[in-house]
Structure formats: structure tokens, C-alpha cells
Amino acid sequence: MLHFYTKHMNNAIVFVCLYYVIDIFLLFLTFYFKSLNKWALHGKNLFLKIEKDEEPYNTKLYKFKIYYHICLTNLIFEIHLLRRFFEQLFLVRTTTKSFMHIFSYLLGISFYIITPFSLYNKEKINYNWSIISPLLLFIIGNIIQFDSHLRLARLRPKGIKKSDTFYKVPYGGFFHFVSCPHYFAEILIYFSFFLLNKNITCSLNFLLVSLILIKNGILTHEWYLKVLADTYPKNRKIIFPYIL
């Protein structure tokens, strides 16, 4: 036991020494490269640096803005993911026959690893009143999606777990317009991310999400028409109200 503890302590000491060596090296670099100097500043020194670099009319807000543009989109993205996580735990009702293709599974994992990086914008954006519209779009998208998931969950009684033959036509909310309002809402949410950043990575992220959801929406709509043909409303669009 003592040997095990000693062995791992030695590894920890090596890691700690490496940590300090890297930090000391970076600190030395700040003496020679002014571009690296900011990361070593704190307190009043950082504030003075901010006051010096920023235009006079923005000095009091800049210390908040400096990381604001970097964090905002990822912050609301995390809020969205937390909402979906709790929905999956406490709201969504699946059966034992629910499964996912391995490619879709891997795509999902890779997507949520890559997306936070695609939402990062290295350019400082001076947000103004224009920020309100994408944030409202984000809120509306989440409300529509939660309402749609709630309506779908209520169609399946809690006791049904071993069969996937129990299906009903969903009604109410945006189901009045489309077969997949939860997909429509997801597109709105990612469009709000794009409006906040407006860069190439965010546009590609939005394009990928839209194409995947439109494809799945078409398949879902066709499934509804096939399985629930007698009762399914023929005037419903697939994913975009009055359009598709």
C-alpha cells in the first residue's frame, strides 16, 4: 500500500513540477512579448490596461465586454443542453425498441464536441440592441421545443415500455402547423447562434443542423402519413409552417 502511494506521489510531483516550469516559462515570455502580457495581469493592473486600450466612452463597460462576446453564445448553448438533458431524464418516454444507428451516435458525439469551438468568435463584437432579436429567437425556440416534447410525451402512457406500436397523432401547439415542431425549434435555436456570431464556422454549424433536421423531418412526416394515414391531418407541413 505504501509502495502504491509513493509511486503515485512521485507521478504527482513530476506533474506539479512540470506545471510550475511551464508557468515560469510563460511568465518570462511576458517580459519580452507585450502581446502575452495581458494574461499575467490582474486586479487594478488589468483594469488600467483595459482603461488604456479602450475608447473613453466605453471604459466602464469594457471590463465586462472583454469576455462577453466570447462566452455569450456558448453560455446559452449550455443552457439549451441542460434543458435537453433534464427533458431526457424526466420527460421523454421511450420504448425498449428505441435505438440509434452507430453512425448517428458517433455523429452526435462528435457534433457536441465540435460545436462549442464553432460557436467561439475570436473577433470582439460590440453588441447593442441587435442582440435582443437572436436572444428572443433562442427563448422562443426553447419554448416551442419544450412544449412539443411535452405533448409527445403525454401521448405515451408511462407504463408502455415494451412495445412501440402505441402511437397517436400529436395535436396542439406548433403541431397544428407542422409534423416536427421540435425540429423547427432546434433550427431556430441554432439560427440564433448564427445571428450572434455571423462567422464561417457558425454558418456551417447552422447549415449542418438544418440539413440533418430537414432530412429527419421528411422521414418522420412520411412515417406519420404511412402509419397514421387514416387520422393524420393532410394539411400539415413537414417542418416549416406554410412552407415545407
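Just so it is clear, glycine is given a Cβ too, placed from its N, Cα and C backbone atoms.
Database features (TrEMBL):
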- 12-33: transmembrane segment (TRANSMEM)
- 98-119: transmembrane segment (TRANSMEM)
- 102-244: domain '3-oxo-5-alpha-steroid 4-dehydrogenase C-terminal' (DOMAIN)
- 125-144: transmembrane segment (TRANSMEM)
- 190-214: transmembrane segment (TRANSMEM)
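Within the chain, the transmembrane segment (125-144) has long-range Cβ neighbours (under 8 A, six or more residues past its boundaries) at 65, 68-69, 72, 76, 80, 83, 173-174, 181-182, 184-189, 191-193, 195-197. For the domain '3-oxo-5-alpha-steroid 4-dehydrogenase C-terminal' (102-244), residue counts in helix, strand and coil come to 93 helix, 2 strand, 48 coil, using DSSP.
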